[in-house]
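Now, the feature entries from TrEMBL:
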- H180, K184, E218, D237, K342, K347: substrate binding site (BINDING)
- 192-489: domain 'Glucose-6-phosphate dehydrogenase C-terminal' (DOMAIN)
- H242: active site, proton acceptor (ACT_SITE)
- 473-492: region 'Disordered' (REGION)
Amino acid sequence: MTQEHPKSIIVIFGATGDLAKRKLFPSIYRLVQNEKIGKNFAVVGVARRPWTTDEFRSNVSDSIQSSMKESKDLEEFTSHFYYHPFDVTNPSSYLELNGLLTELDGTYQTEGNRIFYLAMAPEFFGTIAQNLKKEGLTDTNGWSRLVIEKPFGHDLPSARKLNQEIREAFNENQIYRIDHYLGKEMVQNIEVIRFANALFEPLWNNRYISNIQVTSSEILGVEDRGRYYENSGALRDMVQNHMLQMVALLAMEPPIKLTTDEIRSEKVKVLRALRAVAEDEVSQYFIRGQYGAGQLEDKQLVAYRDENNVDDNSQTETYVAGKLLIDNFRWAGVPFYIRTGKRMAAKSTKIVVQFKDIPMNLYYKKGETVPPNLLIIHIQPEEGITLQLNAKKDEDESGISKPVKLDLSNNFLDGINTPEAYEKLIYDCMRGDATNFTHWDEVALSWSFVDPISEAWTKGKAALASYPSGSMGPKEADDLLKEDGNQWWPVN
Ligand code: BG6
């Protein structure tokens, strides 16, 4: 049975920005090329700049050409794009926009369905949502949905305020809060690996698992986002959302059904079971670091404090490592270690599940330990899983086992054609599937966990470690695991 193509107008606020250009236009293009959406769609770009529709279309074309190997049917594709110069605080801007949307609804037969995608400065999220309702843009025969990019607030109080403003205009089930990690193929596969394999689920608990490590390292520095990043840091930028979402998926109980509500409610339970870290204990559980100058391959890299729009004495962390404990029956006593940072040695997102040691060592020399079994879930850049086992090599007379890898990386899935995270998320939103978006309860719980940590850091209650650009982070992060008798497993 072929599924009916979703029909909708997508209004992108911030259409002249980087996200639209790098991710959104190419994703919509791929959806069309892959026949996920048909002819019944239009994209309206709104932003302050006084562009014309022609200028906008040529910008869309450039974006596709620079990001895709093939770019056929571009003219037909861009003919669905329209531009509307916009002032977010001016009611007449909304009225004019509504006129254009009504017209396009007729042209493209989109049945009154509208997605309002906020890909712009967060200070306007509330204003825009409220004006959309006030000026009647959400009042159609079809559905209206609001897609919101991060950051969703800066801490719990600001997130709560933003949520209230948005909720005055949209119901929770119309709000799609993006966490693009949830659109990644292998993040979505965490549940499948766990719940579709008899091999793993029985072992997925504190009886058999020693610890779980989630690493998301980047080679890039802060680039031209100094102004944003100075007020964010790695904790708000990566931990509050992406890292905690991955922990929730790794730790949740099997949902009774694969519905949005059931999955979310299991994730929420994990976030509720996260052991809160009090301000005075932060340095026992979390390490913050900032990159200094360094070298990667033959490139010299400047220190964070020498980047544009960064304070010379900045205390902002570009790296976080932490130990999380989940106080429930399944996970009591199992540390979840997370680490993320910029200007590290590798671009890599990986999950390593370390199983407990076997009870007796038959195959290793006295005093040596048998390497543990590891399940590695490769999220990016390669995708797949590796299982590290121990086996004897035939030619080895010593009877000693060696670690061997059962490797399903790269060819596990048809890696090359794996859709972009944004492609999946836009498609999900068009179909009304909110499973891979963050519910307000998840956002609130994540901020409650993270806030005392940033408070402690703001008050200078923990040292800011330095690490050279191009390294895997500060030594203090290794010590965090060493204290538990553990070590970070390499990500390369
Ligand atoms: C974003 C952060 O949410 O995620 C960026 O704001 C970060 O700072 C990015 O670089 C990482 O995403 P990915 O998909 O490249 O791992």
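Glycine is treated like the rest: Cβ placed from N, Cα and C.
All TrEMBL annotations are machine predictions without curation.
Comparing the Cα of the residue listed as 'active site, proton acceptor' with the Cα of every entry in H180, E218, K342, K347, these being the binding-site residues, the smallest distance points to H180. Among residues of the same chain six or more beyond the region 'Disordered' (473-492), those with a C-beta under 8 A of the stretch's C-beta atoms are 210-211, 213, 215, 217, 285, 287, 289, 319, 321-323, 335, 337, 339, 341, 344-346, 348, 350, 352, 354, 374, 376, 463, 465-467. Ligand 1 lies under 6 Å from the Cβ of the following binding-site residues, listed in sequence order from D237, K342, K347: D237. Local packing around the Cβ, expressed as the count of other Cβ atoms within 10 angstroms, is greatest for D237 among the binding-site residues E218, D237. The region 'Disordered' (473-492): residue composition by secondary structure is 8 helix, 0 strand, 12 coil, according to DSSP.
In the structure as shown, the Cβ atom of K184 (substrate binding site) sits within 10 Å of 24 other Cβ atoms. In the three-state DSSP classification, H242 (active site, proton acceptor) falls within a helix. Counting other Cβ atoms within 10 Å of each Cβ, the lowest count among the recorded positions H180, H242, K342, K347 belongs to K347.
Maximum C-alpha to C-alpha distance over the listed substrate-binding residues H180, K184, E218, D237, K342, K347 is 20 Å. The average pLDDT for the domain 'Glucose-6-phosphate dehydrogenase C-terminal' (192-489) in the predicted structure is 93. Look at E218 (substrate binding site): DSSP puts it in coil.
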